[in-house]
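Residues or ranges marked as disulfide bond by Swiss-Prot: Cys237-Cys239, Cys271-Cys274.
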Amino acid sequence: MTTQQDYTQDNDKLYRYLFQHRAVRGEWVRLNKTFTDTLNTHQYPKAVQDLLGEMMVATNLLTATLKFDGNITVQIQGDGPLRLALVNGNDQQQIRALARVDGNITENMSLHNMIGKGVLVITIAPKEGERYQGVISLDKPTITECLEDYFVRSEQLQTQLIIRTGEYEGKPVAAGMLLQIMPDGSGTPEDFEHLTTLAATVKDEELFGLPAEELLYRLYHEETVNLYPEQDVQFFCGCSAERSGSALLLISDEEIDEILAEHKGSIDMQCECCGTHYFFNKEAIEKLKSTRV
């Protein structure tokens, strides 16, 4: 039986691995505290929580696959009750997510009913070089299938994406695996099909409750799998009083004075992502203005 100590060693970790004789590479990630921290300050409907979990896992896997310095934003916009779902992650596996809901969303509501008429936008912003943006139609039943199609079309490589969200020992968890044929052309469709068939047998409790090494052994015990050192994953918002103050100064002095008068001399700027409050009185705002000049 797997003990708590066994499985928690790989909570909030991302691993890369390579099949030595198959020319196929893989990634595995599990979000525990990272996912909980994302949800803690919001009362999202269950269907929205699950969608954000899928998008977060996919973003982690995408940043690891592309191997670049910078950040990636995965964003859904629509005209349904879910107006926006957004995830941003970087090459350090720091990730944040938020959603905007305007309407009733039931627990088992489908992706298309939540979003209505919408699109999936992936923005890749390297620290150096040109920014890239891809717009993907939401023509598949799940976001995982839409993203898998994106991987295949954008990189022209056979790719399998498995993402699950749920609970393990009473706590939210999101986890996933990516398999991709090597870009050097040495992999065969037969090798890829063999490995993806095995991966498709993975159970939720295995993804959520096993260390990476044990999970890979269960799935691929007849294969030689090289497992590389893990990378930590964490929730990181990046908000600050300075950024909130800069946003506040985008509105006119007249509007600022009206808000100050309405709210007893203090403006509360709350971060939409992590829920942190930043308070600005007249003196603080004048100081911001002086430093901006």
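Placement of Cβ uses the backbone N, Cα and C atoms for every residue, glycine included.
Cβ neighbour count for Cys271 (disulfide bond): 18 (other Cβ atoms within 10 Å of its Cβ, all protein chains included). Annotation note: Cys271 (disulfide bond) sits in a coil segment as assigned by DSSP. In the three-state DSSP scheme, Cys239 (disulfide bond) is classed as coil.
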